[in-house]
């Protein structure tokens, strides 16, 4: 049927063609299937639509039906709107042939924005506007959202002002989009001003009243910015000024803010207010409070709070896997393994299934507590339960076995990772290289460093630092110097930590001149010596009674405004008064900052 229609159309003289006939063929071209799967049919459709748009024959020009066919085709196709198709749509809009309604108009703008073509969406919307088409809130809102995703706040402001100038009705969605993105971009004061404008204008007939979503967005933004008193005051204004009641989301933002600020009592007061006002706390509310208490070291209080919730018949939310994970993690990190294990068993008895977070918490906590075997057993249970340990989990286990000097087990875990399709990252390699270097197994450390490079990870200052530290511990000055040269050759600049390791090493070998020279090199590279640097040198200079050099360093330390610590005081106080330099010692401690 399509082929016959095309043949008839091609044989018709241009003067005999009519809009209805062309529309019929155009409709068949788009209805015959996805034009993207047939490039010939697509080219034919574009060619026909273009000939209609540019036709000088008034009887074969495009009409609203043509526009509807072309616009509908843009939206039914699976791929993004290409330049040719958009050019046709733009020409139609410029000729006064607009999308059928706001819904179709909005879908086109939204599709363009979703394809990150906000410039094109801007051009289309304004082409319709210039040609006299009606532009309602939905297309404007879609364009605002697209601009927000690209953080184009300048054009968002322009578009918002344009809506006001042309009298376009700005609805709560419009204000919500703008306020949400002002908060995301940390322009909290601008968001507050806009909200204030909405509140002040709420008595006007065409006013847009701020709803709970808008208030919650600003309150959350204030909380994230640490402006807690302002956020609490704004919650009070909700009810008083616009009769908008705070909801669970409102309170959750405030509870989270006060918990993060360590003001647990204020957060608990908010929970009591929720109960008094009949606002039901969610599991997020309860977990936020429990987590806040645990982070403040109030682990027993957190558990007591949880127990009260479990016994309170008026509280519907009793806790979930996240609740247990928070408590288990807190007890593990405080060293109370028995309590952590009790809670884990209780969780299983209550019918709650551990999730990936619970398992990760157990693995991390047990490893930190010096029980890598138990942590490894949890990882196996995790797999049996359908969760796969990730690279981060393996890194924690590898670090745990390295701390226990069980390097064979740590290396086996790297092989296990590979068997499961996981690739070691920079942390994995650096952890094991540091452990091998500490154990003076430099051959294995070097092989692992080569493997690190083969896996696409460039050795970092941490990698080289681990080797240098290992060689210094082993007393191999030449090897440590070679690693420092290798760093330079690789374009990796040594940091203050590496220089401090080398300076401390040289001072312990009583090579004071070499250590002082290395400090000069350190400064020539733009690195400032630390208190630890000076302490290592002072200790060595004292042992060799090199007073002049020590006094020079004391002067440098003052110039650098570096505070001595208790180690500095111990070294110099046990030396300078005995050699008649008590006054210089007193002046040194008076002129520098108070000891750290």
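All positions are counted from 1 along the displayed chain.
Using N, Cα and C of the backbone, Cβ positions are placed for all residues, glycine too.
Keep in mind that TrEMBL annotations are predicted by a computer and have not been checked by a curator.
Here is what TrEMBL says about this protein:
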REPEAT    171-205  repeat 'PPR'
REPEAT    211-241  repeat 'PPR'
REPEAT    247-281  repeat 'PPR'
REPEAT    282-317  repeat 'PPR'
REPEAT    320-354  repeat 'PPR'
REPEAT    355-389  repeat 'PPR'
REPEAT    390-424  repeat 'PPR'
REPEAT    425-459  repeat 'PPR'
REPEAT    460-494  repeat 'PPR'
REPEAT    495-529  repeat 'PPR'
REPEAT    530-564  repeat 'PPR'
Sequence-remote partners of the repeat 'PPR' (355-389) [C-beta within less than 8 Å, at least six residues beyond its ends]: 321-322, 324-325, 328-329, 331-333, 335, 337, 340, 344, 347, 396-397, 399-401, 403-404, 406, 409, 420
Surrounding residues of the repeat 'PPR' (171-205) on its own chain - C-beta under 8 Å, 6+ positions past either end: 137, 140-141, 144-145, 148, 151, 153, 156, 160, 163, 211, 213-215, 217-218, 220-222, 224-225, 227, 237, 241-242
Outside the repeat 'PPR' (211-241), six or more residues from its ends: residues with CB under 8 Å to it: 172, 175-176, 179-180, 182-184, 186, 188, 191-192, 195, 198-199, 202, 247, 249-250, 253-254, 256-258, 261, 263, 266
Same-chain residue ranges lying at least 6 outside the repeat 'PPR' (390-424) that approach it to Cβ under 8 Å: 359-360, 363-364, 367-368, 370-372, 375-376, 379, 431-432, 434-436, 439, 441, 452, 455
Residue numbers, six or more beyond the limits of the repeat 'PPR' (320-354), whose CB comes under 8 Å of its CB atoms: 283, 286-287, 290-291, 294, 299, 302-303, 306, 361-362, 364-366, 368-369, 371, 382, 385
The repeat 'PPR' (355-389), counted residue by residue under DSSP: helix, strand, coil: 26 helix, 0 strand, 9 coil
The repeat 'PPR' (390-424), counted residue by residue under DSSP: helix, strand, coil: 26 helix, 0 strand, 9 coil
